[in-house]
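The active site, proton donor annotation in Swiss-Prot covers HIS88 and rests on sequence analysis. Taken from Swiss-Prot, the feature 5-amino-6-(D-ribitylamino)uracil binding site applies to PHE22, ALA56, PHE57, GLU58, ALA80, VAL81, ILE82, PHE113. Among the features that Swiss-Prot reports, (2S)-2-hydroxy-3-oxobutyl phosphate binding site is placed at SER85, THR86, ARG127, with the record citing sequence analysis.
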Amino acid sequence: MNIFEGKLIAEGLKVGIIVGRFNEFIGSKLLDGALDGFKRHGVNVEDIDVAWVPGAFEMPLIAKKMAKSPKYDAVICLGAVIKGSTSHYDYVCSEVSKGIANVSLETGKPVMFGVLTTNNIEQAIERAGTKAGNKGYECAVGAIEMANLIKEL
């Protein structure tokens, strides 16, 4: 029996990070967490590219562009969609999550979903590093593991 597990050593990996500008104060905290995660695991700052997009809905297009490039081993998408009083939230969350998943399946590269989908601002703040960890950091570690696992298989 063979067992494969992605290593958490990131030296030599090149990564793309996409951050939504909408709810930027949350996106910035998620970005800080992701950068910390990549640096702690050995990614050189020069091997990290950050692309800012208007909001979560625009992420799948840029994720596809990055993932199709041989330059990147992994891509992470970071941002926050916070529920309001209309159904807009449901449409955005659904399309963004499907779009990001499709990019990963189409390109064969890990594209991590670090878009917080919360009922209120307090939940978003908690998941951006104040109480419940930092989803950006978690996505960075997940991207490292998946990129290495793909190389191993």
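Glycine is no exception: its Cβ is also placed from the backbone N, Cα and C atoms.
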Which state, by DSSP, holds ALA56 (5-amino-6-(D-ribitylamino)uracil binding site): helix, strand or coil?
helix
Cα distance, VAL81 (5-amino-6-(D-ribitylamino)uracil binding site) to ARG127 ((2S)-2-hydroxy-3-oxobutyl phosphate binding site), nearest Å?
12
Please name the residue among the recorded positions HIS88, ARG127 whose C-beta has the most neighbouring C-beta atoms within 10 angstroms.
ARG127
What is the interatomic distance between the Cα atoms of THR86 ((2S)-2-hydroxy-3-oxobutyl phosphate binding site) and ALA80 (5-amino-6-(D-ribitylamino)uracil binding site), given in whole Å?
16
Taking DSSP three-state, what's ARG127 ((2S)-2-hydroxy-3-oxobutyl phosphate binding site) in: helix, strand or coil?
helix
THR86 ((2S)-2-hydroxy-3-oxobutyl phosphate binding site) has how many other Cβ neighbours within 10 Å of its own Cβ?
8
Based on DSSP, name the secondary structure state of PHE22 (5-amino-6-(D-ribitylamino)uracil binding site): helix, strand or coil.
coil
